[in-house]
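Under the heading repeat 'RCC1 1', Swiss-Prot lists 1-51. The feature repeat 'RCC1 2' is assigned by Swiss-Prot to 52-101. Summarising the annotation, Swiss-Prot assigns repeat 'RCC1 3' to 102-154. Residues or ranges marked as repeat 'RCC1 4' in Swiss-Prot: 156-207. The repeat 'RCC1 5' annotation in Swiss-Prot covers 208-259. Swiss-Prot lists 261-311 with the feature repeat 'RCC1 6'. What Swiss-Prot records for 313-368 is repeat 'RCC1 7'. Marked as domain 'HECT' by Swiss-Prot on the basis of sequence analysis: 730-1057. Swiss-Prot lists Cys1025 with the feature active site, glycyl thioester intermediate.
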Amino acid sequence: MLCWGNASFGQLGLGGIDEEIVLEPRKSDFFINKRVRDVGCGLRHTVFVLDDGTVYTCGCNDLGQLGHEKSRKKPEQVVALDAQNIVAVSCGEAHTLALNDKGQVYAWGLDSDGQLGLVGSEECIRVPRNIKSLSDIQIVQVACGYYHSLALSKASEVFCWGQNKYGQLGLGTDCKKQTSPQLLKSLLGIPFMQVAAGGAHSFVLTLSGAIFGWGRNKFGQLGLNDENDRYVPNLLKSLRSQKIVYICCGEDHTAALTKEGGVFTFGAGGYGQLGHNSTSHEINPRKVFELMGSIVTEIACGRQHTSAFVPSSGRIYSFGLGGNGQLGTGSTSNRKSPFTVKGNWYPYNGQCLPDIDSEEYFCVKRIFSGGDQSFSHYSSPQNCGPPDDFRCPNPTKQIWTVNEALIQKWLSYPSGRFPVEIANEIDGTFSSSGCLNGSFLAVSNDDHYRTGTRFSGVDMNAARLLFHKLIQPDHPQISQQVAASLEKNLIPKLTSSLPDVEALRFYLTLPECPLMSDSNNFTTIAIPFGTALVNLEKAPLKVLENWWSVLEPPLFLKIVELFKEVVVHLLKLYKIGIPPSERRIFNSFLHTALKVLEILHRVNEKMGQIIQYDKFYIHEVQELIDIRNDYINWVQQQAYGMDVNHGLTELADIPVTICTYPFVFDAQAKTTLLQTDAVLQMQMAIDQAHRQNVSSLFLPVIESVNPCLILVVRRENIVGDAMEVLRKTKNIDYKKPLKVIFVGEDAVDAGGVRKEFFLLIMRELLDPKYGMFRYYEDSRLIWFSDKTFEDSDLFHLIGVICGLAIYNCTIVDLHFPLALYKKLLKKKPSLDDLKELMPDVGRSMQQLLDYPEDDIEETFCLNFTITVENFGATEVKELVLNGADTAVNKQNRQEFVDAYVDYIFNKSVASLFDAFHAGFHKVCGGKVLLLFQPNELQAMVIGNTNYDWKELEKNTEYKGEYWAEHPTIKIFWEVFHELPLEKKKQFLLFLTGSDRIPILGMKSLKLVIQSTGGGEEYLPVSHTCFNLLDLPKYTEKETLRSKLIQAIDHNEGFSLI
């Protein structure tokens, strides 16, 4: 051991020497053949811990700070600690803390301000005593200020006690002192790496390099750009991105070490202790310029001086106050910039020089400073081992974190045979949000040091792998302990306000734990976890949303699937029956799960869909609840102003309606909602008509009205007749049930006539003879023609017809691209829509965007124009102002493609689409429609082609003499299944009025086949109103085939049989 500095009280441990000041490093004979584990320096005393855990002290003992009876100039063992294996010490001005290998803390010395934490009345304690209030807490670090003390626990909890004159306890109170350790609640949840204390200021350092400081700040020693004392922890923002790994404090100054080996200092600089070649104070962290270029691995602060070790040269540098020789430069001069401590320093792994006396060279192991003294633990070049590196924290001094080594240790014990300490270790880790927040860090490239509002610093793949490694069926005791800790200790303590972004990480990682997706834990872990998440204040929730937004899709989907499973689990319980006494808590649980999904859905939509929108669909909803009733309840809640944006406590009193969270509905459920909404509106229209008709009986002035919207049309003039009626129709009448009458036909419209009406009128309206739509050969799709001569009324009519079809639950045959449905739902068409409508043009646009070279102008020769046909002639249209003079290049090509798409789908047809849109929404507007995705709305309007012919057979019903095994029925299905696809589609058209199936699927298409009294010479007859087929009792398969094909080839017109 080398020692230098103030020796006036024997604090260097050199024995009875004549000098009161040692100006340069001097070997201490006492430590020959002794290995030093730690050194603590007070103002006038020093404490040494040897590798065997014994403690020695020397220096002034006026206040009992040595832990034995008298002052000593040579180190003397503290006998009271003989039975303890001490691993670390720290000294205040005149008090000492010692930490043993069990995490227990012993204190002695001056207790004027409660700095010993013993809650006693004695001014001085001369024999070490255990701090009993910390005896049940495993402490890993201690730090002493002059008159206050700090401790860090394995569970990442910080405790403070002693003087609080300047707020150095960080408790936010103006009490002058605390005589017992106080938990620093304001920092709960943060994963800490270190605690440090100066004269009257304090710091904590997180695992990802964030520094929080509080206490005295007269000289800017907190680095907060001012000189105001702080009574609560404050984040030192300027160093957040610097990868700080270690921090130490002097009386009124602070030094911080970076991962790259740089040093920042701030605070009092009157003696040059900041190393900036000046005596100015610094209120902001400033890098020590003269150490740049060297990699520093150790730093230490004395009262008013600073030391730094550079392993590449083996040298120690010091700066600051030198009046007591504490700089080791051979003089008492102050140094304002780093100066080499005198000595024959030898770097680790250096090349031995020939003919040297190895005893005269020193390989530094570790440096210590405090008060006005300094120490260096060294070895000879011959026995030189690697020096300590403060950039690599000692694992024994760190908080619990879930990692590979810890899991392997836990799994190494046979199931059911855990030692108590292992159970305590598991419990401590999973009871602490701070420990979980320090787990699974993204250590590759030191990524976790970038933790902020946009980046979590978490390796999610590591979290998943380690959780799955830990939670295994053959180690149930571990799973049970983890679950109990989460349920009873961690989640109940969560708060809505968090001190820092690092305290949020476990909200990201915990869903990866298999216990969360175990239905046995839904109500005890997953839902309480979701409650804490939903209750987060706006700022932390926003950060969590930011982190979610950059997750890989499978990881994001994992969280969504978890809470979907929770919802399904709860709805199954609801279907079985919830006792009245438990309904309130059930409401709260269900609202929680749905609220979490709502937040995730908001993030998904904001990011342009991390996962497909349909991944939020809960397909079981229709089976588990009555959607129609749910919708009615929701409408009533809206009418009575029940706000579902309350907190979860208030929501518990409001019955849950799934319609409040419509993103969970799949297309079939949405269709049911729309149909329910239409039925409600129809009923309201009918009721209003009945009321008016009743009134007309007593008040002749009031004209009676029809409860239905009646369309009387001729087949030969279907468009003209329909337009005539619809032009005169009031908006309110569109909400009535539609009945269609074909002139000269006897059928009563129970649905089938209406189906054919839509089929025929749309065929007419979309006929090229009107010139209203352009037909695209490549895609076989149509789009509005900007060259039409037709009045916009006709487009308005088509919109009304489409709206009426949806409103009246009828499929219509429209060959529009998906872009139409996007526009109806207020979504923008994209290049993909252009590819669908105009495949060749779309491919060309994609090639333009993908072209890798810079010579786009020469290769493509494009400008911001589009060439269109106009009755045989071509016409050039500018896509932007001065488009003809604007060449398309690499920088603006995306803008050109966007403008092209916008022209085709928007600008060129704006007035025509507006008329269509107005007509459509006149009938079918409303909140429910906007729940649909474009492709879902398309499927609802035109049906889909997801044919399942076996399902059709399975769902068919029989009347009269027929049943499933009747001979005629058996040959009917044989014939049907042998028909080609086109004939099967024709059969659907013949029987139902459409060759497409409803969005609800084949199972919703109920066919009925009944026997007739006629002979085999008769054809099958369809009643499209009822999806009913009259099938004669054919006995021969070929006869049935011939008659069926003949019937479906002639399927237009209605007559009574």
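Every residue gets a Cβ built from N, Cα and C, even glycine.
Worth saying up front: this structure is predicted, and the values here are computed from it rather than measured.
For the repeat 'RCC1 7' (313-368), the partner stretch with the most Cβ pairs below 8 Å, chosen from 1-51, 102-154, 156-207, is 1-51. The predicted model assigns the repeat 'RCC1 4' (156-207) a mean pLDDT of 97. Summarised by DSSP class, the composition of the repeat 'RCC1 1' (1-51) is 3 helix, 24 strand, 24 coil. Broken down by DSSP into helix, strand and coil, the repeat 'RCC1 4' (156-207) contains 3 helix, 25 strand, 24 coil. DSSP labels the residues of the repeat 'RCC1 7' (313-368) in these numbers: 3 helix, 20 strand, 33 coil.
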